[in-house]
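The transmembrane segment annotation in TrEMBL covers A:34-57, A:206-228, A:240-260, A:290-310, A:341-365, A:385-408. What TrEMBL lists as domain 'ABC transmembrane type-1' is A:202-408.
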Amino acid sequence: MSESFSMNTPLTAADGVPLKTRLQQQRRMRQLKALLLVLPLALFLLLTFLVPIATLLTRSVDNPEVVSVLRETTQALKPWDGKSLPAVAVYDALSRDLQRAQAEKTVPDAAKRLNMEQSGFRSLLQKTARKIPLAPEAGQSTRDAFIALDERWGDVSHWQVIARNGSSWTPYYLMSSLDLRQGADGKPELVPEDERAFLSIFGRTLWMSFWVTVWCLALGYPLAYWLATLPTRKSNLLMILVLLPFWTSVLVRVASWIVLLQSEGLVNGALLWLGIVDAPLELAFNRTGVYIAMVHILLPFVILPAYSVMKSIPPSYMRAAISLGDHPFAAFWKIYFPQTIAGVAAGALLVFIMCIGYYITPALLGSPQEQMVSYYVAFYTNVTINWGMAAALGSLLLLATLLLYGLYSRLVGANRLSLG
Amino acid sequence: MADEVLVSFRGVQKSYDGESLIVKNLDLDIRRGEFLTLLGPSGSGKTTCLMMLAGFETPSHGEIHFDGKLLNHIPPHKRNIGMVFQNYALFPHMTVAENLAYPLTLRKMGKSEIADRVKNGLAMVRLESLGHRYPGQLSGGQQQRVALARALVFEPKLVLMDEPLGALDKQLREHMQLEIKHLHERLGVTVVYVTHDQGEALTMSDRVAVFKDGIIQQIDTASTLYESPANSFVANFIGENNTLRGEVVDLAGELCDVRLHDGALVKARRVAMLGSGEVTSMSVRPERVRLNAAAAGCENRLQARLMEFIYLGDHVRLRMEVAGQGGFIVKVPVGEVDAAWQVGDMMDVGWMARDVRALDALAA
C-alpha cells in the first residue's frame, strides 16, 4: 500500500511544485549560466577559427567568375554534346553576355579565370569583347562572324573550357594542386610530366617534415629524460634554457642561423680555423640549413610533452623491473619507454603538423628545392592573386593534418594524447 | 636454522652529500626466514638501508653480505631479491598476469611453467580471476596483492618491502598486515619491511629494528621493545609512554631512587648507566599505572590531579598532572571507572618499581 502510494504520487517541493519540475528548472538555470560564460569564447572561436576554415574550404572549390559574367552562354551550353561546335544560339548568347560584361567592366574577371585553364583565352575574350557587337555580313550567322573574328572560336576545346566552368563549383583548383586535370573525356588524368609540380612539392613537404620530426625525437627524447631525472631545481633552470628560444621571434632565430651557417659564418670559420675542413661547408641555403634551423625551432614541442609524461613516471617502475631481474637497458625499453609513448607521440605529431605548414625557415634558409607547400600558398595569395589555388593547397594541408591525427588516434588513442 | 644469518651489514655507512651520514656505522644481521621491520621516523636511514640492500644505493663504506656472498658490487638486477614498493609499481601497460610473468620470462622459464607459476602466484593472493585485468582496473588493495605476488613469484630468498601499505586506508591496511604476515609464515621467505607505523611493525614482525639518525637504537621482538625499551627514544616512539623527569639520588643494584622536581622519590629500574646526581627520564606505560585503592600495594605512590577525562568506548584515558608535570596518561578499563571522579580531583596513582625504567635524559 505504502509502496503504491510513493510510486503514484509525484514528490513535491515545499511549495507544491513537483520535485522533478523544480530540479529541471534548476538544472536549466545552471546550464544557461554556463552557456553565458562560454559564449564569448565560442563566438571568438567561431569568428577566428571556424569561419576562416569554412571560407578556406569553400574558396578552394568556389568558381563564380565565368558563371556570373557569361551567364547566358553557360546556360545555353548546358544541352551541348561537347564534341561538335555549339549551336548558333550559344554564339548569340555569348555576344549578349560580352556586351553586358563590357558595359559592367567584368570581362577581365572571366578572362583571367578562363586563361588559367587554357592560355591565350584572356586575349581572345578581351579582343572579342572590344569588337562586340559584331555585325555579321549578309547570309552569315553569328557563329561565322565569331570565327571570322578569331578562328579559335571555331575550336571545340575553347568551348569545353567555358562549358566546364558552367557551374559555380569547380574541382579545378583541388585537382591542379594534385597535378591532375580533366581530360577530354571528363575523367581526371595526370598533367604531362613537364607540367607537374605539386605532387613533388607535397612529397618534399612530407619527407622534410618526417626527417625534422625524427631529428627532434632523437635529440629531444634523451634531453627530456635527463630533465625528468634531475632534481627539480636544476631541471627548472635547464627548462628555462629550453624555452629561451621561444622568447625571440622565429624570424630572428632564422636570421641568426643564417649568420652562423653561411660560408663565411661562425661555424665555417671555426671549422676552418680548427683545420677540420679545408673549404667552407655548404650549410645555409640548402636542405642542411633548413633541417638545422627547423629542428632547433621545433625541438621544445617534443621536449615539453615528453618531459611532462616522464615526470609523472615514478622511478619505482624502473626499480621494480630491475629488482625483478631485468637489465637496466632492457627495463628502460620494456617498462619506461612504453609509458612515455603517449607524450612522445603527441610531441612528434605536433612537430610534424607544424612542419608541413612551415614557411619562413625554408623561405629564408633554403634554395628553391627546399620550398614547401606553404611557400606556394603564399605565392598564390600574394603574387598571382589566385586565391582558389592558395585555398586548395591550404585545404589539402588541412586534410593531411586531419588524416595524420586520425592515424594517431587509431594507433595511440586520442584520449591518451598528452600535450603536458 | 632459525638463527642462521642470511644478510649481514658490517660497518655500513652512507652519505649523500659528503657532509652528513644518513646511515652511521650499521651492523645488522638478518636471520634466514625472519620478518624484520626497520622502523623509524622519516629521515632516520631505514629506507636507505633497504635501498642499499636492493642495490639502488651503494654504501659509502662497509660491507653487505647476502647468503655468504659480498653484495657490494653485484648490480641490483643480479641480486635476486624481490621488492614491493609503496606505489605498487605495477607496469600499467601489462596485464596482471603479464606483470607476474615478467620476472619468470627473464629467468628463461618454459611457457607452461610460467603459466603454472602465474596461476599459483595469483592463487596465493586470492586474485585467480583477475589475471587478464590491467593494474589500473584494480583497487589499491588488489594492486598491492599483485605487487606482493610479483615479488614472490620467482621465489627469491629475500623480499624487501618499502612501506607497502602506506597508500591504503586504515581498515585495508590492517587487513593486509595480517595477510602479509600469514604469507610470510606460509612461505618461510625472509622479509625486510620498512615502515614508520609502529603499530604495523608490532603486528607483523619477528624483530623490529628502531632507527633514529642513522643508528639502530634497539633491535628486539615487539614485546621486548614495548616492555623493555632500551632508551627514551624507543620508549616514546613505540606505543604510548609517560615520562617523568628527575635526578638520581641513590643507586641500589638494579634499582635506583629518583627525586622528582617536587621532592617526591620514585623507585625505578636502572636501565641506562646512570650515576648519582644525573638527570633521568623515567618511562611508565599508561596501563601499568594503578589508581587509588589499587595503588595501595605499589612501591611508588604519588598524588595526581585529574585534568581531563577522555572516553574511548572500551577504555577511558585520564590525563593527569603528577609531581607538577602535566600530560601524564592513565588508561582505565570502562568497568573500573568510578562515576564520582571529577576533573580537578586529587587521586592516588601508583606503579611497581619494575614497571618504571630510568632511561637517558630526554631533552626537556
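The backbone N, Cα and C atoms fix where each Cβ goes, glycine too.
No curator has checked TrEMBL annotations; they are predicted automatically.
Note that this is a predicted model, so its numbers are computed, not measured.
The listed stretches are A:34-57, A:206-228, A:290-310, A:385-408; of these, A:290-310 has the most Cβ pairs under 8 Å to the transmembrane segment (A:341-365). Below 8 A, the CB atoms of the transmembrane segment (A:290-310) and the transmembrane segment (A:240-260) form 3+ pairs separated by six or more positions in the chain. For the transmembrane segment (A:385-408), the residues of the chain that approach it from at least six positions outside its boundaries are 53, 56-63, 116, 170, 172-174, 176-178, 198, 202, 206, 345, 349, 352-353, 356-357, 373-374, 376-378, 414, 417, judged by C-beta separation under 8 angstroms.
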